[in-house]
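**Student:** Here it is: the structure, laid out below.
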């Protein structure tokens, strides 16, 4: 007798609860960002980009619901193998692509500022986000086509390969995996992870180049650096799980979906909690540029060379508005 198994029910319930909490947190941040979108603290970080980040995090949380959907039917497993990758893959690319765009803009403003430099506006940043996400979408699309042409494999559950043995019946425990090693989806998954690794390298370079910009509400280098380190570790774990431990159904569920929840939560926490704190301490945004206004602190706080007035113009253009920040 062959018994097809899925993740333990208690594990599914716990992760569903965590995912629901993450979705609620994303919606709260989304509402706060909308309500305070006209304040200086939120304007300078471009509300539209914040909407994209929360949307990406929501997709990552939703992927947990779909990936852990209790089912042992082949047709449902095939659907999960395709749509699940779209949810967490596109969600991650939206979040991380937006962070790269934000870092690129800060780099452009503070790196050798001059009067002839083109100021990056919101539509420039949207092009970056869509380009980063677009390449990933093409790779995921190719993977989905390959997955559609590949039947999921029914393999032995190595956590509990054999069940109780009767006088004339022996039970074998099996689990579904999306594809076998050496198949087309296998290699395309490798390509996707290589692409994500290259994005990590770009993020590290931008974080290093903008590490001396000391305007916390603008400079995400520390947050991005922390996110890069954490996401790199999580991605390595996901790669190992995807290619090595697929036959350990509960171990895979704990580490794979736990990694997705951890990434989405850390993205939201490191990006939005500092905003909420700044908004609480300085609702009008009067303290954002206070150090730059003091000529004696400019070199110490900004560590930049060039015309300070040009930097101010660049900062004023951050939201494509007429708001001119002090200093």
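Counting starts with 1 at the first residue shown.
Including glycine, each Cβ sits where the backbone N, Cα and C put it.
Grabbed the feature section from TrEMBL, which reads as follows:
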- 11-286: domain 'G-protein coupled receptors family 3 profile' (DOMAIN)
- 12-36: transmembrane segment (TRANSMEM)
- 48-71: transmembrane segment (TRANSMEM)
- 83-101: transmembrane segment (TRANSMEM)
- 122-142: transmembrane segment (TRANSMEM)
- 186-206: transmembrane segment (TRANSMEM)
- 226-245: transmembrane segment (TRANSMEM)
- 251-273: transmembrane segment (TRANSMEM)
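Describe the structural context of each listed feature in the structure shown, including burial, neighbouring residues and relevant distances.
**Tutor:** Proximity of distant same-chain residues to the transmembrane segment (122-142), defined by a Cβ-Cβ separation under 8 Å and at least 6 residues beyond the stretch ends, is recorded for 46, 48-49, 52, 85-86, 89-90, 93-94, 96-98, 100-102, 104-105, 188, 191-192, 195-196, 199, 319-320.
Beyond the transmembrane segment (226-245), the same-chain residues lying 6 or more positions past its ends with a Cβ under 8 Å from any Cβ of the stretch are 96, 99, 181, 186, 189, 193, 196-197, 200, 203-204, 207, 251-252, 255-256, 259-260, 262-263, 266-267, 270.
Within the chain carrying the transmembrane segment (251-273), a Cβ under 8 angstroms from the stretch's Cβ atoms is held by residues 7-8, 11-12, 15, 18-19, 22, 25-26, 29, 32-33, 50, 53-54, 56-57, 60-61, 63-64, 67-68, 88, 91-92, 95, 99, 159, 220, 223, 226-227, 230-231, 234, 237-238, 241-242, 245, all 6 or more beyond its ends.
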**Student:** Between the stretches 12-36, 48-71, 186-206, which one has more Cβ pairs under 8 Å with the transmembrane segment (83-101) than any other?
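**Tutor:** Between the stretches 12-36, 48-71, 186-206, 48-71 has the largest tally.
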**Student:** With Cβ-Cβ distances below 8 Å as the criterion, list the same-chain residues six or more beyond the ends of the transmembrane segment (48-71) that contact it, or say none.
**Tutor:** 6-7, 9, 11-12, 15-16, 18-19, 22-23, 26-27, 29-30, 33, 42, 77, 80, 83-84, 87-88, 90-95, 98-99, 101-102, 122, 125-126, 129, 253, 256-257, 260-261, 263-264, 267-268, 271-272, 275
